[in-house]
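**Q** Below: one structure in structure tokens.
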Amino acid sequence: MAVAPAGGQHAPALEALLGAGALRLLDSSQIVIISTAPDVGAPQLPAAPPTGPRDSDVLLFATPQAPRPAPSAPRPALGRPPVKRRLDLETDHQYLAGSSGPFRGRGRHPGKGVKSPGEKSRYETSLNLTTKRFLELLSRSADGVVDLNWAAEVLKVQKRRIYDITNVLEGIQLIAKKSKNHIQWLGSHTMVGIGKRLEGLTQDLQQLQESEQQLDHLMHICTTQLQLLSEDSDTQRLAYVTCQDLRSIADPAEQMVIVIKAPPETQLQAVDSSETFQISLKSKQGPIDVFLCPEESADGISPGKTSCQETSSGEDRTADSGPAGPPPSPPSTSPALDPSQSLLGLEQEAVLPRMGHLRVPMEEDQLSPLVAADSLLEHVKEDFSGLLPGEFISLSPPHEALDYHFGLEEGEGIRDLFDCDFGDLTPLDF
């Protein structure tokens with residue numbers, strides 16, 4: 001008889017039963033013990049002896065087991081890993097207690113994209129937007145020092161979000177910690193808030209461009225109107241200025257009028273000191289002519305300045321039928337000229353009747369356009385020689401004296417170049 005070693009720890013007990021003669025076995029019989037894993041806490045009970053002998057060659061014995069307690073809860077299936085949950089970093093605690101329904105499959109939850117009205121969007125709570133708002137707070141600080149507690153209250157975010165930003169800025173040496181909750185900006189203040197300043201400058205530049213375009217349009221209109229005025233045949237006959245017209249603007253008793261006829265691109269420089277007033281003229285295009293406008297005489301007046309009352313007074317100014325001679329001078333009792341009256345804005349009807357009585361030849365082919373200003377004064381002197389008792393006094397020396405520019409000493413002025421007596425003239429008061 002042999003005992004199989006499959007019994008393990010029950011083999012000594014079986015040998016004791018066989019030695020006591022409790023079991024009647026033949027010599028060729030085999031005993032096989034089938035048992036499960038041992039339970040430490042369960043008591044071991046001896047097997048009941050058989051009631052009678054059996055003729056089977058193999059005897060089977062079962063190891064008694066203690067009753068197991070019922071499981072408290074079903075265990076989850078081991079074939080699928082546990083579900084990973086996304087953390088809500090905006091709350092004070094990490095996990096929220098709440099019941100969740102059974103998760104079936106990998107389909108999208110129907111209520112996942114629906115947000116409550118008071119819930120912030122993902123962009124509003126992003127670190128990118130929080131960093132921009134934090135830099136705006138730094139730009140408002142005069143010395144660049146910001147309290148982190150105050151910044152968290154203003155931005156309405158958690159302090160750990162502010163700490164994340166300050167740790168990065170401190171790592172790239174843009175800020176430095178002054179104390180536990182105070183930091184100071186180390187970078188350039190011009191870079192903080194540069195986006196808004198750039199936007200404001202762009203708007204200012206656009207407004208300046210619009211203003212420039214408007215001014216260019218107005219200048220173009222004025223240039224066009226002036227060109228049309230100069231090309232009009234009706235206005236060409238009145239395109240001149242006399243000495244009396246200039247005197248009507250300035251007070252002859254207080255001011256001295258000097259007329260300057262210069263070519264284009266003439267440079268004028270005026271030096272105003274406490275005692276003297278100096279004017280410097282320089283031109284590379286041609287000579288510069290300077291004239292002195294004398295005081296207006298009592299019997300001389302410009303035909304364009306004839307008073308309307310004098311025209312409508314009813315006096316007979318019909319000339320003789322003989323050859324045209326020099327017209328008589330206007331009476332000395334003519335009314336004074338109005339300084340506020342425009343020089344060139346005269347009515348044509350008020351001038352032409354006056355010109356008809358003078359019997360002065362006024363052919364249009366003899367008139368020069370406005371642009372030909374060199375010969376305009378000569379035409380005026382020839383046509384109105386009887387009405388101009390005093391002409392412009394030329395202050396320019398003869399053109400053959402080319403060295404007059406270098407013939408003045410430091411104490412000499414423009415009056416030293418001419419043989420005119422300027423003692424009776426009153427200096428200009430500016």
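Cβ atoms here come from the backbone N, Cα and C positions, even for glycine.
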**Q** Of 24-41, 402-419, which range does Swiss-Prot call region 'RB1 binding'?
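**A** That would be 402-419, per the region 'RB1 binding' entry in Swiss-Prot.
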**Q** Hey, what's the Cβ neighbour count for Lys180 (N6-methyllysine) at 10 Å?
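**A** The answer is 7 other Cβ atoms.
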**Q** Which secondary structure state does DSSP assign to Lys180 (N6-methyllysine), in the simple three-class scheme?
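**A** Note: Lys180 (N6-methyllysine) is coil by DSSP, not helix or strand.
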**Q** Which residue counts does DSSP yield for the region 'Dimerization' (190-279) in the helix, strand and coil classes, in that order?
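**A** Each residue of the region 'Dimerization' (190-279) counted once, the result is 51 helix, 14 strand, 25 coil.
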